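Taking it in order: structure first as structure tokens, then the write-up.
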Amino acid sequence: MSPPLKNSCPGQRPGSSAWPRRPFMMGCSPTSQPLHEVPHSRHLCPSCRCGRGVPRVGQTGWPWEGACGPTVFRFPPALCRAMSHQILLLLAVLTLSLAASQHRDQVSCKMVDKEVLCQGLSLLQVPSGLPRDIEALNLSGNQLRSILASPLGFYTAIRHLDLSTNEISFLQPGVFQALPHLEHINLAHNRLAVGTALSTGGLGPLPHVLSLDLSGNSLYSGLVERLLGEAPALRSLSLAENSLTRLARHTFGGTPALERLDLHSNVLMDIEDGAFDALPRLAHLNLSRNSLTCISDFSLQQLRVLDLSCNSIEAFQTAPEPRAEYQLTWLDLRENKLLHFPDLAALPRLTFLNVSNNLIRLPAGPPPGGEGLHAPSEGWSALPLLNPSRNASAHPLSQLLNLDLSYNEIELIPQGFLEHLTSLRFLNLSRNCLRAFEAQRAGSLPCLVLLDVSHNALEMLELGARALGSLRTLLLQDNALRDLPPYTFAGLVSLQRLNLQGNRVSPCGGPGEPGPPGCVAFSGISSLRILNLVDNEMEMLRAGAFLHTPLTELDLSANPGLDVAIGALAGLEASLEVLALQGNGLAVLQVDLPCFSCLKRLNLAENRLSRLPAWTQAVSLEVLDLRNNSFSLLPGSAMGGLETSLRRLYLQGNPLSCCGNGWLASQLHQGRVDVDATQDLICRFGSQEEVSLSHVRPEDCEKGGLKTVNLIIILTFTLVAAILLTTLATCCCVRRQKFNQQFKA
């Protein structure tokens, strides 16, 4: 919207009109000659009008050099008419500009139902001329600096107002009170702390507002109280990404209905006692990314979700005698400095607990003086241990579903630590210092679905036959497992995904087949679908290793020198969809790949293969990786069955022949198969230098063939000539010998 028109010039007398500027300078003269006859004067006095006085030099009180004297003169009528036309033209132009500005406001903003979207339009003020009955107005991402009651107050039906990501530093007093239906205000990422917004009474009373976002405004302690007014209906408040260092007792006194409070990414170091007492309905509290060091006497019984991640907390303790039962179900303490497992004895409803990225070390043995939740030994007061005679349902962590203990310094799981977590579904113990893990007791962790013990130093793994009955995913990669009991995984009746990458596990052969000492049986596990045995230093994959185990994904990569016996993958023909044998140094592939009818992805990269089995019938293979092998030809007789299914082919790093690869050239030309890096795919003409496959033309191969034919003809002619000469020479020698014998006789 254009700024309002000014009605007077600087120094103009009240009641006088503005003078239109001329293309040349006019000024006052002490003489009585007409104004148009004084071309050399420097300034024009503001009172010089048609039929009025002429300027007089020497009088003060005006911002120009000269002043107007009493001398009377009259402008020529033609000049007056011309000046009148110019004034009217100027007024018309300004009026049209104002109308055009209002029209642009209406055209630039998009309207969906009763929501107006004006974000990112470089607006300097709230647009006028919008429909009066709009209910949502989005002005985010503009250049607003102040919010005035006009024209915002015209839109009295607004419920949602988004003013985020602007430069607002001034709020006219009562600007939001003029909107009786306003429920949601977003003032995030503005400049409320550096302007006059605080000195004008802040936001004022907000009787009907339900959510308020003040994040990213550089607010610091003491200013929040001045900015927040009475908001009896406010349920959600965000003060995130500010500069708060302390929460006072009266900070939230005007928001008694608050349910969600977001204070993440401040520098909070102190929370005064009773700071949340005025919030009896507070259920979600986010204090992450602050500078808190200790939580003692935690007493927010009504709280359900508490995020304390990314602080410097060394201890977490609940109040010794809470007034009521805690409702907390979600507690995040990751990335702190906890030395011991937190005190959770008073939190029976807890379902989610994350204490990853701390310094936790669990005690190695039972506490002295007996067992119990409140044993005197340090570090044991909150461990999930119970007297076996007590009801397990009364355990403080009996409702826990998700426990994350990753990235700590745990060396040993104390006996009984996990026994009473009867509802636990997800357990993450990765990135610790564990050397052993066992779950042997029948019914241990009955609901556990995922167990992650990867990236430890595991040497021993003992899993009972009737333990972990619901386990579907077991992650054991990057440990030191070897010489495991043969049927370690056979008792996991629900296991679907097993990752053993980076260990020293050797598979046994089929049922009844003798295997090396310490081998692990992977046959007969009817539930297993995904198996990863990458980088296990396997030397031999015996026949029948996966019989009666309907795997869909099998990764045997990074086992250099692996000998894949005939029939090693027998039993997987009807189920296997992904097979990886990358980096094993295979020179011959003793796997009848065309028999695997469901195979979709095959990785044979980084081997020494030069031939493939013939796919003569249509199969399901979609991705074939043959990089860094010894292939020179991919004949159509071997690849023809892939034409209907193959979508991507990797061939870099092979000594491909430029001629004789008719099937490959056809796929490139027709575009049915996406060959990786086609522009850089290198081929050779016999023993000549390498060229780009994309630059090879059919006539190049024809010339090469003609040269070969000519060479063969020349060699044949030479050979025949040599034979004839040799025969002739032999005959001559025989004749000469006979002649000599006759002469002597």
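Even glycines carry a Cβ here, placed using N, Cα and C.
Copied from TrEMBL, the annotated features are:
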type     : residues : note
REGION   : 1-20     : region 'Disordered'
DOMAIN   : 104-136  : domain 'LRRNT'
TRANSMEM : 711-734  : transmembrane segment
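DSSP assignment over the domain 'LRRNT' (104-136) gives 5 helix, 7 strand, 21 coil. Within the same chain, residues 1, 142-148, 151-152, 154-162, 181 sit at least 6 positions outside the domain 'LRRNT' (104-136) and bring their C-beta atoms closer than 8 Å to a C-beta of that stretch. Mean pLDDT across the domain 'LRRNT' (104-136) comes to 88 in this model.
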